[in-house]
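The domain 'Major facilitator superfamily (MFS) profile' annotation in TrEMBL covers 1-172. According to TrEMBL, the feature transmembrane segment maps to 29-48, 60-78, 84-107, 119-139, 145-167.
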Amino acid sequence: MLIVCLAWFCINLLYYVIGLNSNSLSGNRFINVFLLGLLDIAATAWFYLTADKLGRRNSYISMVTMMAIFTVLTPFAGKWHPTLTNVLVCTSKLIASVGFSIILLYTGELFPTALRQSITGISNAVGKMGGITAPYVLYAGDPTGSITTSIIIGSVLLASAVLFLFLPRAINQTLPQSIEDAVNMRSEVACLGCVRKNSPSEDKT
């Protein structure tokens, strides 16, 4: 639950940081806001194309890793060419929008029926805390120009992606009906030289 809550926090944080910071991008601010809005529509199509192909866990890991890299590179890109900053920011916004749909679906697949609604509500509440934190991140320094702020955000995103490796793959699996079913969902994770094997039901996927 803590790993999932961190994911909700990260997705909300980056999404609202980009949305609130759109005026600092180069070019016409009205066009920038319009383009960022169009990305939400494109994100829906991307979600349908990738969620069933890669699975929710692998999709989140790959997307958040890209967001972490783009976030760290953005201040350096701005020193080379302002347009490159816009491209990286827009790409991160697109990925964050897809991440909203993926994490919402994946949260429901991890937890049993009796806890699914409660856990989703708790995770969503933690995610809202990320949205509340976004303005304070902007006051700490422009993420598109402050190297320190970008590195901190990128590090948190990368940590979330690494922690997701410890969660099971839920693609093509039956939703857990009890806490025991949820606990038995395992993933193969190499940690300190020890490998935890998949359950027989997961090997089928």
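A Cβ is built for glycine as well, from the same backbone N, Cα and C atoms used for every other residue.
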Do any residues of this chain, six or more beyond the ends of the transmembrane segment (29-48), have a C-beta under 8 angstroms from a C-beta of it, and if so which?
-> 18-19, 22-23, 86, 90, 93-94, 97-98, 100-102
For the transmembrane segment (145-167), what are the same-chain contacts with Cβ under 8 Å, counting residues 6+ beyond its ends?
-> 3-4, 6-7, 10, 13-14, 17, 24, 57, 60-61, 64-65, 67-69, 71-72, 74-76, 78, 110, 137, 187, 189, 191
Within the domain 'Major facilitator superfamily (MFS) profile' (1-172) only, compute the mean pLDDT.
-> 81
